[in-house]
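**Student:** Swiss-Prot feature annotations, pasted as is:
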TRANSMEM  1-21  transmembrane segment
TRANSMEM  43-63  transmembrane segment
TRANSMEM  81-101  transmembrane segment
TRANSMEM  109-129  transmembrane segment
TRANSMEM  159-179  transmembrane segment
TRANSMEM  183-203  transmembrane segment
TRANSMEM  219-239  transmembrane segment
TRANSMEM  246-266  transmembrane segment
Amino acid sequence: MVVILAIVEGITEFLPISSTGHMILVNKLIGGEYLSPTFRNSFLIIIQLGAIFSVVVYFWKDISPFVKTKKEFVLKFRLWLKIIVGVLPAMVIGLLLDDIIDKYFLDNVLIVAITLIAYGVIFIGIEVVYKLKNIKPKVKRFAGLKYRTAFLIGFFQCLAMIPGTSRSGATIIGALLLGLSRPLAAEFSFYLAIPTMFGATALKLFKNGLAFTEMEWSYLALGSAIAFVVAYIVIKWFMDFIKKRSFASFGLYRIILGIIVIVLLY
């Protein structure tokens with residue numbers, strides 16, 4: 001079960017199709033009764049640690065604070081400042097609503113199905129409107145990304161607290177609506193994931209880490225390692241994909257999966 005969930009996490013974490021939604025669905029389908037409820041719910045979040053490190057490794061050249069010139073330092077400083085501004089909404093709202101989300105939404109498969117379909121429709125709708133009206137992106141480079149825009153994208157990220165939404169999906173939708181190009185929207189979504197997901201993982205470890213058994217810690221280590229390798233491969237593929245194609249195919253996938261979930265489970 002741990003290996004399967006780790007592979008699913010690695011594949012889905014940075015695609016706009018909801019990793020948590022897929023993890024909940026897989027967890028429902030393959031069981032996992034031998035794991036404690038507290039650990040199962042925490043595992044779905046903490047296993048993201050491996051995927052986060054894949055982002056750091058893949059984009060290290062772009063985000064590394066170790067630079068040689070003053071110009072590079074200024075560019076990196078501004079980039080990280082925009083990332084920090086972008087994660088502020090999720091930090092505040094996440095801390096306030098974490099327990100409520102865990103209690104009422106985290107294990108609700110119907111909500112996962114509904115959000116999969118809803119955001120699938122939104123993705124297709126955005127792409128159709130952009131094509132029909134021939135809308136061109138206003139921001140293609142990070143230098144043109146304003147702090148206000150980064151902050152607003154951060155609010156879209158908060159929507160991903162509802163399982164099935166997709167953190168990357170919500171931030172990419174927000175970025176597209178605010179004028180960013182597809183590649184820039186995806187890249188900024190990856191950057192926002194670093195502090196956001198580190199924070200979510202740290203929060204779960206702080207709340208439940210002392211209750212984990214030695215075996216459960218080994219599950220977390222194995223799952224994170226597998227998620228790292230798979231996620232790295234997926235990031236490389238995804239960044240190449242969106243340079244040539246739209247997000248409509250991901251929207252269609254979400255709708256089909258959401259319908260299948262409703263049919264099979266209800």
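In case you wondered, yes, glycine gets a Cβ from its N, Cα and C as well.
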**Student:** What parts of the chain pack near the transmembrane segment (109-129), using Cβ distances under 8 Å and only residues at least 6 beyond its ends?
**Tutor:** 16-18, 21, 24-25, 28, 135, 162-166, 169-170, 173, 176-177, 246-248, 250-255, 257-259, 261-262, 265-266
**Student:** Which listed range (1-21, 183-203, 219-239, 246-266) shows the maximal number of Cβ pairs under 8 Å with respect to the transmembrane segment (43-63)?
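**Tutor:** Answer is 219-239, with the largest number of Cβ pairs below 8 Å.
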**Student:** Out of 1-21, 81-101, 159-179, 183-203, 219-239, which stretch touches the transmembrane segment (246-266) the most, going by CB pairs under 8 Å?
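**Tutor:** The stretch with the most close Cβ contacts to the transmembrane segment (246-266) is 1-21.
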**Student:** Please indicate, using numbers and ranges, the residues of the same chain that are 6 or more beyond the transmembrane segment (81-101) and have a C-beta under 8 Å from a C-beta there.
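**Tutor:** Distant contacts of the transmembrane segment (81-101): 142, 145, 147, 150-151, 153-155, 157-158, 161-162, 188, 191-192, 194-196, 199-200, 203.
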